[in-house]
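Per TrEMBL, domain 'Fervidolysin-like N-terminal prodomain' is recorded for 91-133. Annotated domain 'Peptidase S8/S53' per TrEMBL: 170-424, in sequence order. If you look up TrEMBL, you'll see Asp178, His211, Ser374 marked as active site, charge relay system.
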Amino acid sequence: MKNIFKLLTFIILLILPSACFSSTTYISGEVIVKFKSNTITIPSGINISSVNSVSVKSKVLKNILSSLKVKSIEKGFPDAKTPIQTYKVISGKQIKIPDLSSIFLIKFPTENSVEQVISELKKLSEVEYAHPNHIIKAFITPNDSLYNTYQWNMSKISAEAAWDITTGDSSIIVAVADTGIDYNHEDLSGKIILGYDYENNDSDPIDDNGHGTHVAGVIGAITNNDKGVAGLNWGCKIMAVKIMGVGGYGSLLNASRGIEYAASNGAKIISMSFGIEYDDDDLKDTIINAYSRGCILVAAAGNENKSSRFYPAGYDDYVIAVAATDQNDLVGHWGTDTPLSASNYGEWIDVCAPGTDIVSTWKSNNYANQGGTSMAAPHVAALAALILSKKPSMSQENVRYQIENSCINIDSLNPSYANLLGYGRINAALALGLPIARITQPENTSYVHSSIQIKGTATSTDFSRYQLQIGSGTNPATFETFYEGVQSVDSGILGTFDTTTKEDGPYIIKLTSQSQSQLSSEASITINIDNTEPKAKITSPENNAAINDVVTILGIATDINFNYYTLSYAKSQDTSFINISSSTTQKSNNILGDWNTIGLSGLYKLKLTVADKSGRENSETIDVNITSTTTPSIEIQGFSQPSPNPFNPKTQNETFIYYNLSNNFQTSLYILNISGELVYKQTFQSGQNGGKAGENLVTWNGHDPFGATVGNGVYLYKITSNNKILGSGRIIVIR
């Protein structure tokens, strides 16, 4: 068996899927491009087309594609559609949903330089990004000591104790984006969901390398069947998504397609034991899209003995990056080559897991001993599946928190890697039993007043209770309990606290979450209580004073936790105020700002508003009589082109036009179609936004006066006053 495995190792290391994979880091004659929405349309019902057959909005773009001798344009993600929801909030983070339908693969003669093609494409305003179709690789280092069939890795991470809590559930699907899976293997049969083979473009993701089957076995090899090995998660289903071929290599686009497939077809967790050194935008778009759908993403950190990021593991906002360790909790090393083959490390690493001498399933119903971060990542993916099996409603961020905060710190065993191995080596039993304690609101060191809500998470797979306490100062000697709960909370309201019961100053709020097994976790934040109102006083002009031309305003705007003040005005009968100026510097009977009243007349209100860092505001309003007789000069002093432009009224709501006026005077915004017909008009009175001295920001929502959305095309806009055009330009509407 040992000699057979050596031969197998030789084949794995030397056979590559194509010549281009062995000679370069990307595929010749191919570039991945993301165009702005609706720039290119491939005829319905097909995924790949020639340049002449596609609809291209820009003649310049079409000419460039022709000059580059582009042979074909292929949809990167044939089933993707423009997202209806542009943004999504997940665990308090606002995520912009990428439009995968705008990503394409263009192919051209290999004698054309990939770099030159990218350079030409990036010059075009219609192109969001363009980069090579990089080659991804599996992070594996084969080892021929197959006779070591004991699974040290499972005992190291306390798998046996974890199995006393749960062995997994078949409702949880873990996708393995890899070289495929031997779904006929005796230790995997019946557990595999057949996904797709992007390497051969068919529906049979059989493994012809072995790497993917090994990863699948670590995650969920059938246990207690008197055969082979035990997977960490006995119960979960495993989705086979083939993105790499016989040599353990594949294209970046196929990797992105595989991730998108898994996210679209029910995978809760995606295990990714591959990577590249390049931060390519289409891979990141796909990762963000999968994250926005609630997927837990786990990726191998790489085997290059480097601190630099490898991707997708390097996308730490969305992906759990996994380094490898050995039987002694030392950083994983493989072989004696120079440079040494070892696990990557760095501040971007999240956790470590066993990754040396890992025995698992192999293709053709065999078993093999392998090493690499490829073997470490599936331990974490399987652990995430165990946690969801026990608590299916747990959010992806809380699953991540559970895994990270239950790790065993191994910095003392690896002093050269201190603070470069994330939270440490995973512990499955602790991850399943350790309660979560997180405070997400108020933010740490924030300023607060009145009654506040404490938001966060207090939960566990065997939850018992939680407690909220407050202590005075930044290092309290004692804490006072102000709320106790017996129901778990997952990203919700933990309790409320009336800050008016305390003096102003810093305090610590502490959350303790406890499990039935008497394990506990704590989280704390610092808050700064400020229930004292800011001081707001206008000392000049006086109330009911007559003023004209440019008026200097004096006053007081102070607070111990001062944030900002604003000056604003309104006609005496109006309730909506218009900004004059703002400042983040407090003033004590000093100049607050200047007010240009030229072009205004009659009774007005002048208002000073002062805000502190807790959000508390105080204001003073006085009445003034404007008696300006100076005729305002009609001039525009600053002007910007509309943004966004091109503009989609269905997804972008409004396009903005900014300009700066010399004085207060009436202006109008005209929108005309290309034939010169009036589509929209809005008039701004003197002193109102759009017609006031200083900065003005006006908008158009893409509608006509009757509320109907205008059609695609070029529209002309004009800013006018007293029959004088102050500014003009074009707005392109794309629906």
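Don't overthink the numbers, they just go from 1 along the chain as shown.
Here the Cβ of each residue, glycine as well, is placed from N, Cα and C on the backbone.
Automatic, uncurated: that is what TrEMBL annotation is.
Annotated features taken from TrEMBL, shown on the structure.
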residue : record                           : Cβ neighbours (10 Å)
Asp178  : active site, charge relay system : 31
His211  : active site, charge relay system : 31
Ser374  : active site, charge relay system : 33
Residue pair Asp178 (active site, charge relay system), His211 (active site, charge relay system) - Cα distance, angstrom, rounded: 7
Integer Cα-Cα distance in angstrom, His211 (active site, charge relay system) to Ser374 (active site, charge relay system): 8
DSSP three-state assignment for Asp178 (active site, charge relay system): strand
Composition by DSSP (helix, strand, coil) of residues within the domain 'Fervidolysin-like N-terminal prodomain' (91-133): 12 helix, 16 strand, 15 coil
